[in-house]
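In Swiss-Prot this protein carries:
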type	residues	note
TRANSIT	1-16	transit peptide
TOPO_DOM	17-33	topological domain 'Mitochondrial matrix'
MOD_RES	Lys25	N6-succinyllysine
MOD_RES	Lys25	N6-acetyllysine
Amino acid sequence: MLGHSIRRFTTSVVRRSHYEEGPGKNLPFSVKNKWALLVKMSLYFGSAFATPFLIVRHQLLKQ
């Protein structure tokens, strides 16, 4: 009895929830402004790429 009511509740919750669909709608950031996206992605990936080099430079200058 309890299992049936739980199963009905979870399926009704899934059925009632609706999200926008389509390209770019399931991302946690906006892709509408391509220049803002370019700046954000360049900072994100650029900082990840530069971090090891900056750490090595810091270690070499420390000696």
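Note: Cβ is positioned from N, Cα and C throughout, glycine not excepted.
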Distant-in-sequence neighbours of the topological domain 'Mitochondrial matrix' (17-33), which means Cβ under 8 A and at least six residues beyond its ends: 40
The residue listed as 'N6-succinyllysine': secondary structure state under DSSP, collapsed to three categories: coil
